[in-house]
Amino acid sequence: MNTVRETIAAIATAQGRGGVGIVRLSGPLAAKAGLLITGRTLTPRHAHYGPFRDDEGLVLDEGIALFFPGPNSFTGEDVLELQGHGGPVVLDMLLQRCVQVGCRLARPGEFSERAFLNDKLDLAQAEAIADLIEASSSQAARNALRSLQGEFSRRVHSLTEALIALRIYVEAAIDFPEEEIDFLADGHVLSMLDAVRSELSTVQREAGQGALLRDGMTVVIAGRPNAGKSSLLNQLAGREAAIVTDIAGTTRDILREHIHIDGMPLHVVDTAGLRDTDDHVEKIGVERALKAIGEADRVLLVVDSTAPEASDPFALWPEFLAQRPDPAKVTLIRNKADLSGERVALEQCDDGHVTITLSAKGDDTGLQLLRDHLKGCMGYEQTAESGFSARRRHLDALRQASEHLEHGRAQLTLAGAGELLAEDLRQAQHALGEITGAFSSDDLLGRIFSSFCIGK
């Protein structure tokens, strides 16, 4: 039997007790199930209040039945919703009644999967449903809603259309050599290619912000021993997460703390103090710290503002320069302002990094500057009309598309190889297609939808 033609059923509301609970059905038996359970033929898109009965006519519950005939439904199939009381026992009895009339229990995400397979939404929109449900902040929810409404997909579709136009031009020139089109002399190909690369870069940047809002930003606190790193972690966490002493090298290993700032998730990593040491255990801690720095979304480089070397903090640890991300991802924290007498402030430096002067010992003003700065790094200041949600797999696909475009451009400019450019353009289009599901393996679809809630 084709499983897509089976009628599926699941409880669509959250587990636990509540005022209302919903059982959702999708498939060819939806109308028949409505008749058998309610005792009446349901008018499409009308609310029918009445009893829900078992196979012997006994009342299981009372509530509202709604029938949506396909293709004008969420899944594109006939859909029935039974809205009753939100007790788990009542809902389970109602679900078992649906199984009695011929339904099977739905797999996690199967309703959204059917909507995707029936072209009611694309893969990015389907994933946005889960992102909206799991959103941990109002900004993340707004971004997920915009993706659900198709904003991310429209951006990807626009890039795909531009790639198709470029492929047509390039492949036509290859297939009809008598036209003698010189790709480089013509200039049209490079112009179109650079325009696509520019727009792709913009989408990558916005998708990166969307992924941070969804998954949380990894913030690594780094610096010399006794710079106040652990004190800063404790202030951000709002509790004594790390041991703080005056003994240099107290923190010898990675310490992770998951926190929220106004609902926005951050994964804060405290690290061992960066210094040369003969202590084997501490040396391992320093190596782990440098590794964490290289993997961070944001690095907080903490310096003791009372130390003589604080005037040139990036010279404190030469290996830090090799491990740190883009300078724009480094925030310099000049700590212990209460001792140095420096003014609490935030400054934007010429090389792209931000400097915040504060005291990690109860300086509310400086700590609020840091919190606001971290929210800004995650895209908190986006307007309701900008941004969209994205996942790591989307970022990987965008990166692959960008790499193919870069490689294709190099093949064209260095070797004049139009055939190789055409292949890179095809690969870039394929990578973008994986975002919306235009090109997706069954294994990928299975992994994505299996992570959804049952009933979604």
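Just so you know, the numbers here start at 1 and follow the chain as drawn.
Heads up, the Cβ atoms here are built off N, Cα and C, so glycines get one too.
According to Swiss-Prot, the features are:
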BINDING   R24, E81, K120, K456  (6S)-5-formyl-5,6,7,8-tetrahydrofolate binding site
DOMAIN    216-379  domain 'TrmE-type G'
BINDING   N226, T245, I247, T250  K(+) binding site
BINDING   226-231, 245-251, 270-273, 335-338  GTP binding site
BINDING   S230, T251  Mg(2+) binding site
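With the fewest other Cβ atoms inside 10 Å of its Cβ, the least crowded of the binding-site residues N226, S230 in this structure is N226.
Annotation for the binding-site residues R24, K120: lowest Cβ count within 10 Å of the residue's own Cβ, K120.
Sorted by the number of other CB atoms within 10 A, the binding-site residues K229, K336 start with K336, the lowest. Neighbours of E81 ((6S)-5-formyl-5,6,7,8-tetrahydrofolate binding site), defined as other CB atoms within 10 A of its CB across all chains, total 21. When the binding-site residues N226, S230, K336 are ranked by how far their Cα is from the Cα of E81 ((6S)-5-formyl-5,6,7,8-tetrahydrofolate binding site), S230 comes first. Counting every protein chain shown, the Cβ of A272 (GTP binding site) has 27 other Cβ atoms within 10 Å.
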